[in-house]
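Colleague: Questions regarding the structure given below will be posed in turn.
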Amino acid sequence: MLSALARPAGAALRRSFSTSAQNNAKVAVLGASGGIGQPLALLLKNSPLVSRLTLYDIAHTPGVAADLSHIETRATVKGYLGPEQLPDCLKGCDVVVIPAGVPRKPGMTRDDLFNTNASIVATLTAACAQHCPEAMICIISNPVNSTIPIATEVFKKHGAYDPNKIFGVTTLDIVRANTFIAELKGLDPARVNVPVIGGHAGKTIIPLISQCTPKVDLPQDQLTAVTGRIQEAGTEVVKAKAGAGSATLSMAYAGARFVFSLVDAMNGKEGVVECSFVKSQEADCAYFSTPLLLGKKGIEKNLGIGKISPFEEKMIAEAIPELKASIKKGEEFVKNMK
């Protein structure tokens, strides 16, 4: 009797992420052995949207892949180890997610990661441009405000650039905003949606609480406090982990959420909207995160900033100089690459 009872729970778990007609996405995770990579790979393996999962890292991927391959969902899982195996990992991929790189330690800004992570992202995106030039590229590696410009310039160098297919994953900012606003107002976080625009570091993170659904009213002091908490939430986790890393589990959740939205849209689902840091003409800098309507070929339409409050206007104005500097830093890095 037990086994009969046990089955529906497993089936429910497998249905817990959205399904659609063509559940055949081939997804690669680059940096799959790390703190974000492992839980992200688990969530992807658990999804009926994914038919093939290829995992790349410079250590431990055969073990991670062997472990995940025993899970009773249909995605096939294979691990690839080291640079010589990277091309095979990427061949035929529809979506590539890149959480590779070093995490923050207490006292570090995301920008302190630049030197190490810039090289990693440049190397990995160059391989993508060569071996899966048509794939959607989702970059988690920080500093996102610089790693997206790096990916763009690398793809341009290889003659494979499509601005509609390179995404900086800022979804964790939206997830945090939804959670914190829900806590503040006693709402179900699954029903709250706060667009977060701008970039993905400190004051470049701009939650548009005036556009929250359902509509919420907060006095200015509460609004200032929750905005600050959303902007510094990553640091909150870095401090709490006391040297043992940065946000990995919530980031894996947010990364999976973004990938599932993207795959749903690629499968023809209509009305799929996610915020992401992309090439943009919506603000006074070359890259900017806004709500995007996703489609079969990536970005179908940039929905822009929309109607905002004076408080939010001011945040945008204050974010632009930092965004411009981070973007320039990424572009210069590729220019000066050997």
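Each Cβ is built from the backbone N, Cα and C atoms, and glycine gets one as well.
Pulled from TrEMBL, these are the listed features:
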type	residues	note
ACT_SITE	H200	active site, proton acceptor
BINDING	G31, A32, S33, G34, G35, I36, G37, D57, N117, I140, S141, N142, M251	NAD(+) binding site
BINDING	R104, R110, N142, R176	substrate binding site
DOMAIN	26-168	domain 'Lactate/malate dehydrogenase N-terminal'
DOMAIN	170-334	domain 'Lactate/malate dehydrogenase C-terminal'
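What's the neighbourhood like for these features in this structure?
Modeller: Long-range Cβ contacts of H200 (active site, proton acceptor) within its own chain (separation 6+, distance under 8 Å): R110, N142, P143, V144, N145, G168, T170, D173, F277, S289.
Within the same chain, the residues at least 6 positions away from G35 (NAD(+) binding site) whose Cβ sits under 8 Å from its Cβ are P103, G245, S246, T248, listed in sequence order.
Contacts of R176 (substrate binding site) defined by a Cβ separation under 8 A and a same-chain sequence distance of 6+ are given as I230, A233, S250, in order along the sequence.
Secondary structure of the domain 'Lactate/malate dehydrogenase N-terminal' (26-168) per DSSP (helix as H, G, I; strand as E, B; remaining residues coil): 61 helix, 30 strand, 52 coil.
Across the domain 'Lactate/malate dehydrogenase C-terminal' (170-334), the model assigns an average pLDDT of 98.
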Colleague: What same-chain residues, at least 6 away in sequence, bring their CB to under 8 Å of the CB of R104 (substrate binding site)?
Modeller: R110, D112, L113, N142, G234, V238, G245, S246
Colleague: What same-chain residues, at least 6 away in sequence, bring their CB to under 8 Å of the CB of S33 (NAD(+) binding site)?
Modeller: L55, D57, A59, H60, T61, V64
